[in-house]
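Undergrad: Sharing the feature lines straight out of TrEMBL:
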{"type": "BINDING", "residues": "GLY98, ALA99, PHE131, ASP216, GLU217, VAL218, GLN219, THR274", "note": "pyridoxal 5'-phosphate binding site"}
{"type": "BINDING", "residues": "ARG134, SER273", "note": "N(2)-acetyl-L-ornithine binding site"}
{"type": "MOD_RES", "residues": "LYS245", "note": "N6-(pyridoxal phosphate)lysine"}
Amino acid sequence: MAEASPLYQTYMRAPLRFERGEGVWLFTENGERYLDFAAGVAVNSLGHAHPHLIEALTAQAGKVWHLSNLYDVPGQETLGRRLTEATFADRVFFTNSGAEALECAIKTARRYHFSKGHPERFHIITFEGAFHGRTIATIAAGGQEKYLEGFGPKAPGFDQVPFGDLDAVRAAITDATAAILIEPVQGEGGLRAASNEFLRALRKICDDNGLLLIFDEVQCGVGRTGKFFAHEWAGVTPDIMAVAKGIGGGFPLGACLATEEAASGMKAGTHGSTYGGNPLAMAVGNAVLDVVLADGFLDHVRDVALVFRQGLASLKDRFPDIIEEIRGEGLMIGIKAKIPNSELLMAMRDEHLLGVPAGDNVIRLLPPLVTTAEEAREGLARIEKAAEHLHEKLAVTAQNEGR
Ligand SMILES: *Cc1c(COP(=O)(O)O)cnc(C)c1O
């Protein structure tokens, strides 16, 4: 390395430099091709350089980039209406990121109880293994020590219980509880999906205790699991929901959705964002929904997910020394590794396939939703090669150790 980097050294970056993408492929500066099943951590929902998104963004770029929320912003009403018509929600607040969507969700829940005369009800129950972002409030909500350490006192009002433990949820409820916050499928935490029964039970607990139910669908939403939103599988709806990542297809865009009742405390002046709902973001968000909400698109996601599911199940059977378990939902796929997940990830990268590490020794595959069955099989073949190499290496090691 010649000069020290001018950047914060907060990321452990892989030594890869991509300059161009096309569909599910990324191309390095020296022309090498990688199958991108990381998809910018579930952001590139329609892959790279999707013609419809390029058209939407460039057309808007020639008109107006930014206005501020002092005026009606082109595209906000349209995207807001499409989101409310396709979901439980009546109201939408646009943000630039997932953490900001969560901040809005947390503020909406607290403000709801405040406006009902209960300012003391500001506690939110969250779950172990959660990830809700990196702001001061969302690291407190996520509750992970590695993200909290050194950043001063943990923001108050977040009470964490084990994932899937209903008795612990009930025991954590007090007169100060405002809401329950959960990812229907945990992403960073290791692709753990809440059961349908668990989500239904949370809905009932909220109804029985006057609590608001908040879903964080920043990663699992917008078609990722084969439904528009993951909670649809359970047949329950939240009162508030945070959305981001896939909805922007690569343009920074998030949204907080709420029912009329849940949003009733958010009066003029209570919240705002300079960039949130910017015209460029609205143009791209609308274009993403043109594709994701088109007839048959989610069927396609479910079909391709099945190809992955079956292929990975057989790889798990063939390589029990490498793969422990396959988890997740739809195209939010987790491979729990028997060996350190970093080694499997590296072996996959050697086969020019990109994934994302997650907690609990899991590798995430988050292929673009436009991935074809053929591309899925190409990815499976590469994972198979990676597993074969690792398997051979294990055999050699065992032999050298005289076992
Ligand atoms: C990525 C993520 C966030 C944070 O989103 P940012 O855009 O990075 O702020 C929050 N919740 C979940 C479930 C996520 O996956």
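For all residues, glycine too, the Cβ spot is worked out from N, Cα and C.
For each listed feature, how buried is it and what is near it?
TA: Long-range Cβ proximity for VAL218 (pyridoxal 5'-phosphate binding site), meaning a same-chain Cβ under 8 A and a gap of 6 or more residues, is found for GLY98, ALA101, LEU102, HIS132, GLY133, GLU183, GLY187, ALA242, VAL243, ALA244, LYS245, GLY254. Annotation note: VAL218 (pyridoxal 5'-phosphate binding site) sits in a coil segment as assigned by DSSP.
DSSP assigns ARG134 (N(2)-acetyl-L-ornithine binding site) to coil in the three-state reduction, placing it in neither a helix nor a strand.
LYS245 (N6-(pyridoxal phosphate)lysine) falls within a helical segment according to DSSP.
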Undergrad: Looking only at C-alpha atoms, tell me how far SER273 (N(2)-acetyl-L-ornithine binding site) is from GLN219 (pyridoxal 5'-phosphate binding site), rounded to the nearest Å.
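TA: The separation of the Cα atoms works out to 22 Å.
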Undergrad: Largest pairwise Cα distance, Å, within the listed pyridoxal 5'-phosphate binders GLY98, ALA99, PHE131, ASP216, GLU217, VAL218, GLN219, THR274?
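TA: Site span for pyridoxal 5'-phosphate, by Cα atoms: 25 Å.
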Undergrad: Which binding-site residues of GLU217, VAL218, THR274 contact ligand 1 in the sense of C-beta under 6 Å?
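TA: Only VAL218 meet the Cβ criterion.
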Undergrad: Using all protein chains in view, find how many other C-beta atoms are within 10 Å of the C-beta of ALA99 (pyridoxal 5'-phosphate binding site).
TA: 23
Undergrad: In whole Å, how far does the CA atom of GLN219 (pyridoxal 5'-phosphate binding site) lie from that of ARG134 (N(2)-acetyl-L-ornithine binding site)?
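TA: Answer for this pair: 15 Å between alpha carbons.
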Undergrad: If you count the other Cβ atoms within 10 Å of each Cβ, which of the binding-site residues GLN219, THR274 comes out on top?
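TA: Max Cβ neighbours within 10 Å, all protein chains included: GLN219.
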Undergrad: Count the other Cβ atoms sitting within 10 Å of the Cβ of GLU217 (pyridoxal 5'-phosphate binding site), across every protein chain shown.
TA: 28
